[in-house]
Amino acid sequence: MVVDDSAVVRQVLVGVLNDAPGIDVIATAADPLLAIEKMRQHWPDVIVLDVEMPRMDGITFLRKIMSERPTPVVICSTLTEKGARVTMDALAAGAVAVVTKPRLGLKQFLTDSADELVATVRSAARANVKRLAARVTAAPLEAEVKHTADVILPAQSGRALAQTTERIVAIGTSTGGTQALEEVLTALPRVCPGIVIVQHMPEKFTAAFAARLNGLCQIAVKEAANNDRVMPGRALIAPGGKHLLLRRSGAQYFVEVLEGPPVNRHRPSVDVLFRSAARAAGSNALGIIMTGMGDDGAAGLLEMRQAGARTVAQDEHTSIVFGMPKEAIKRGGADRILPLGAMAREIVTQLQ
């Protein structure tokens, strides 16, 4: 079902999704109240939802759905600061993913983004929303050419030189990751290793996400900027639309934020972060791959393990989408498989 107050958006989304094999849009609605009436007749497998609508806003509608009958919801939001803040509230309330739409050139943009829309809806249909709904406590695919991390950071042999004893944590996640990261980071004490994070998310949204977490956590959380120090008690989140690399200068770690082609169709890419962590930190790192579709991060986690790092994959039961962790496990990149609730303890105890 598509719920959006724009007739143009509804028309284009229906056309794009109905053209995809295995997807059938059973209904559309201009606002949540109309959607509720239609859902009484035929409940959808996935809902594509705008967040700013008349009569009832999307967040209220989403909370109603998640409390009564948990259903995968994909947020379709405008690429603005206000849209980003509202979308963060939606993700906290149980939405599984977000796709963006501009204020201008809307029809062409949605048509050009057809592959992303279809992939996101397919992923949402597989999401473990019952697990997600139980966790809720608060009131992007790009180019067709699939690059590897080599386009950003060429592979090299050998382990990282042990020039420092400072420990770091590298975390990669995608679909369902906003809720998973909130659960992990809010459980951490103020004194913990420095953390670098890639969460697949559009540009402009990561700053709002980091700000929200910063207000909830004992540790500091911010959107990473070029040359930021990686310090104990602070987490840096890759900005949407840019890659994040871990670097080292003497005994200190810092991050590099840079442009470049999408890797595994993502920018930022988990593989890029993990490869840089393997190279810069070696055995002083802990790599964690969590819920998400696809295989981004699977190769990089294996590189971290081969460089001497401890590596962990989230288990299937607690993953919203068991794609990235499953692939990492299959390739031998994870030396431990843990439920989400054990991740914070792993960060604190394994890196002491």
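Glycine too: its Cβ is placed from the backbone N, Cα and C atoms.
If you look up Swiss-Prot, you'll see Ser174 (among others) marked as active site. Note on Ser174 (active site): other Cβ atoms within 10 Å of its Cβ, all shown chains, come to 29.
Summarising the annotation, Swiss-Prot assigns active site to His200 (among others) and lists sequence analysis as the type of evidence. Residue environment of His200 (active site) contains 30 other Cβ atoms, counted within 10 Å of its Cβ in all protein chains.
Swiss-Prot lists Asp296 (among others) with the feature active site. Close to Asp296 (active site) in the fold, though at least 6 residues off in sequence, lie Gly172, Ser174, His200, Val263, Asn264, Arg265, His266, Ser269, Val270, Asp271, Met324, each with a CB less than 8 Å from its CB.
Per Swiss-Prot, the feature domain 'Response regulatory' maps to 1-116; the stated evidence is sequence analysis. Residue counts for the domain 'Response regulatory' (1-116) under DSSP, helix first, then strand, then coil, are 55 helix, 18 strand, 43 coil.
Per Swiss-Prot, the feature domain 'CheB-type methylesterase' maps to 162-352.
As annotated by Swiss-Prot, 4-aspartylphosphate applies to Asp50, with the evidence given as sequence analysis. Listed in sequence order, the residues of the same chain lying 6 or more apart from Asp50 (4-aspartylphosphate) and placing their CB within less than 8 Å of its CB are Val3, Asp4, Asp5, Ser6, Val9, Gly58, Ile75, Cys76, Ser77.
Note on the domain 'Response regulatory' (1-116): mean pLDDT across this stretch is 88.
According to DSSP, His200 (active site) sits in a coil region rather than a helix or strand.
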